[in-house]
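According to TrEMBL, the transmembrane segment annotation covers A:7-28, A:73-97, A:117-141, A:153-172.
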Amino acid sequence: MKHHLNIIIIALRVVLFVAAIMCVFNLIQAYGFIQTDDPVAINEFFLNYFTAPKLSLGSLEQLGARYFFNIKWLAIGFTITYTALLVYGITGIIRLYKCLLKIEKGQMFYNEQGAQFRKVGATVIIFAKLKYVLFCFTGILSYLDISTFFKQLPAFLTLYLVGKLIFIMSYITEKGEFIQEENELTI
Amino acid sequence: MPIIINLDVMLAKRKMRSNELAEKVGITTANLSILKTGKAKAIRFSTLEAICEILECQPGDIMEYIPEKET
């Protein structure tokens, strides 16, 4: 039990570290986009996430102009929104991390554990939904990339199911909390 | 809870201390205190049997049901 928990705790630490790095990277990117007006850099950045149509860069800019937005501000908006979303996700991971640390210390069921797990589940599900919407929205606006709807689906479904599993865990812990209290108060 | 524990009364009648009863029953004084203060959610038949045997009484002597008044 403790061995499995240790592995999950280490994995969560790695996830937290990676998410924090991604936040910093995104903020640096956003700052870079604000400072410079380099469509090639923006194009390269978006190519990390989306598939570009087979058009020249000039055509892409025209495409952007046709859709009444500035690709530069779309990139800035995307990076900042994604960072905010990651920060929101990090708060959920930290909450889960604290719950697991308490379980590792031997407190199998404790007060407010169910509520905390429910909050973590809700955070994961909201994060999954918002990330899916953000990526689809940006994919469509930047490159008219409809395939994003399908490409983001596995990541969305995985996170969504993880969130639902954590929700189920919250019900189990609530029940466990109740049974433990009853057991402790049985003379 | 509408179940009232009258263990204090029986202890006073038998002139016995809580510590002594706890020791004879085989439970901790903390648990006996939980029982006396009415915080307990349940009582095992074995515990009830031991208490009744030691205090020479019936279960009804140490607990009674008083319906809650409607507010």
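Just so it is clear, glycine is given a Cβ too, placed from its N, Cα and C backbone atoms.
Owing to the predicted nature of the structure, the values given are computational and were not obtained by experimental measurement.
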Item checked: Chain residues in Cβ proximity to the transmembrane segment (A:7-28) (below 8 Å; excluding those fewer than six residues from its ends, i.e. six or more beyond) -> 79-80, 82-83, 86-87, 89-90, 93-94, 96-97, 100-101, 104
Item checked: Positions whose Cβ lies under 8 angstroms from the transmembrane segment (A:117-141), at least six residues beyond its ends -> 46, 49-50, 67, 69, 74, 78, 81-82, 85, 88-89, 91-92, 95-96, 99, 147-149, 152-153, 155-156, 159-160, 162-167, 169-170, 173
